[in-house]
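J.: Swiss-Prot lists 1-263 with the feature region 'Unknown'. If you look up Swiss-Prot, you'll see 18-38, 40-60, 83-103, 127-147, 163-183, 197-217, 262-282, 285-305, 357-377, 385-405, 474-494, 509-529 (among others) marked as transmembrane segment, on the strength of sequence analysis. Among the features that Swiss-Prot reports, region 'Protoheme IX prenyltransferase' is placed at 264-535.
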Amino acid sequence: MRRENARVVALPLFRTSWMVIALALVAYGAILAGSIIPTMTGAAVSSIATAVLGGALAMYTGMRTRAAPVRLGGRATAARRSYLTLAFAAVGMLYLAVVAGALNTSAGTLWTCQTWPGCEASGSGDWPALAHRGLAGVATILIAALAMQTWRIRHERALRVAVACALGLMLVQNIVGLVQVLLAQAGESLPLAVARLTHLGLSATAWGALVVLVTLALRRPFPSVVAAPSPATVARPGLTDTTLLEGKPSLLKDYVSLTKPGVISLLILTTITSMYITPAGIPEWSLVLWTTIGGWLMASGSHSINCYLDKDIDINMGRTSRRPIPSGRIPAWHALALGVVLGMIAFAILAIFVNMLTALLALAGFFYYVVIYTIWLKRTSKHNIVIGGGAGAFPPLVGWAAVTGSLAPEALLLWLIVFFWTPPHFWALALIREKDYARAGVPMLPVVAGDVETRRQIVLYTLSMLALTALPPLLGMLGWSYLLMASIFGGLFLYYALKLRRDGTTATAWALYKYSLLYLALLFVAMVVDRAVFA
């Protein structure tokens, strides 16, 4: 009888939100406390507390969310099952990673691996530390895949916020884990202890966000193949639950488009090729990989901020009015936040895995493009492309500095080649989009000086560029095979420029614009071929 009375009193108390929140806070504190206890007891405390934290958050989320089951067709049922399988896999993998980290900390094996992301053992027992990293890596991949699926087929704000928090926290805690490795090389210290707590705290918070996501996914209705448009789909014309399940269009694609990946591809090509023509010889693949990742993210960040700053221009231009921000599919501040975050991550990657000079050069290109070109010159001067083109010429400097750790006259020559390539390339497009630029109030050269003067300037800059491309063999930088290839490619460039000067048709402008993209790629590839085959 007494036991029944206790149950009647205790259960209503336990169902209240504040009790569950208190339980979650206690569990979170126990997770952090477990990392301080230098025995296996600490690992047990952290592991159990992590499970309790997940249970408390699941309970609280369930209490605050009304279950709304729906009948689904076979296709939607399969999609829901696949989504939940991925979500549970991510939750389970992250829990194992947290437990493995706690075990390593308690056993004192966390710092046996003195490198990252691989493992260069400094003592015995390195496999537990490497296993922890492997679990964390797999968890990160699963969370990233879950984020892509969530943005693709789920339009509920709560689910998207939860998965975004989980992915963001996971990426940050990975960076903190790297910082721990660097700090551990100097032995135990206060910064290392702080980093250890931060690392575990971020992991536990990411785990909590995933638990909330899974609970919401279980209780919220899954989009059916034939469902009425929701407010989220109404805000995005043409997007229904059917197209969400089919993945067209997707918000993920919109966010990727903010970074202008097509433009970045050519920039990164000049970065990579410049790495293979330095006096230092062929670089290690890992150096090329980290330089590529850092350079790509830095360029992505600058382009995203450019989309934020140019939103008033884009809406007045036919070519850009369908972009995510002017069309209303993405809030403008998202582009700004994305750009800042990508820039910070890129700088950290380049500074840690490449060298500080490379990171600073990439950051200089970032600010050159955002501040000097986008904010200042693009809106105020007919020379916006001439001077602003220097931003696109930074990638060869980044590649050269990544390998040599310094800059040389040869690297500056590569910068000049891209600098003088930019005006003919972009003015060809500006001639085609002249009315758009005039309507948006952008003082591009065709708008200010007219078509005839623009075509004349294209020829002049083309001749200057071709003269610069002939200098590498004369300076002993490259051989005569390069000069032969550069002459052929450059001769065709000059042909299109002169043809545009003569007839001024839109078709010729398009031909020059498209060939200019191919030309720059061929020119830098020719440099590598000359060095690799004929040197």
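Cβ from N, Cα, C; glycine included.
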J.: What parts of the chain pack near the transmembrane segment (285-305), using Cβ distances under 8 Å and only residues at least 6 beyond its ends?
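T.: Hits for the transmembrane segment (285-305): 258-261, 263-264, 267-268, 271-272, 275, 335-336, 338-343, 345-347, 349-350, 353-354, 358-359, 362-363, 365-366, 369-370, 374, 391, 395, 398-399, 402-403.
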J.: Taking pairs 6 or more apart in sequence, does the count of Cβ pairs under 8 Å between the transmembrane segment (509-529) and the transmembrane segment (197-217) hit 3 or more?
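T.: Contact between the transmembrane segment (509-529) and the transmembrane segment (197-217): absent.
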J.: Out of 163-183, 197-217, 262-282, which stretch has the largest tally of CB pairs under 8 angstroms to the transmembrane segment (127-147)?
T.: 163-183
J.: When you scan the chain for residues with a C-beta under 8 Å from the transmembrane segment (262-282), skipping those not six or more beyond its ends, what do you find?
T.: 288, 291-292, 295-296, 299-300, 303, 392, 395-400, 402-404, 410-411, 414, 418, 477-478, 517, 520-521, 524-525, 527-528, 531-532
J.: Let me spell it out: take the transmembrane segment (357-377), skip the flanking residues so only those 6+ beyond its ends count, and list any with a Cβ under 8 Å from a Cβ in it.
T.: 291, 294-295, 298-299, 301-302, 305-306, 309-310, 339, 343, 346-347, 350-351, 383-384, 387-388, 390-392, 394-395, 397-398, 401-402, 405-407
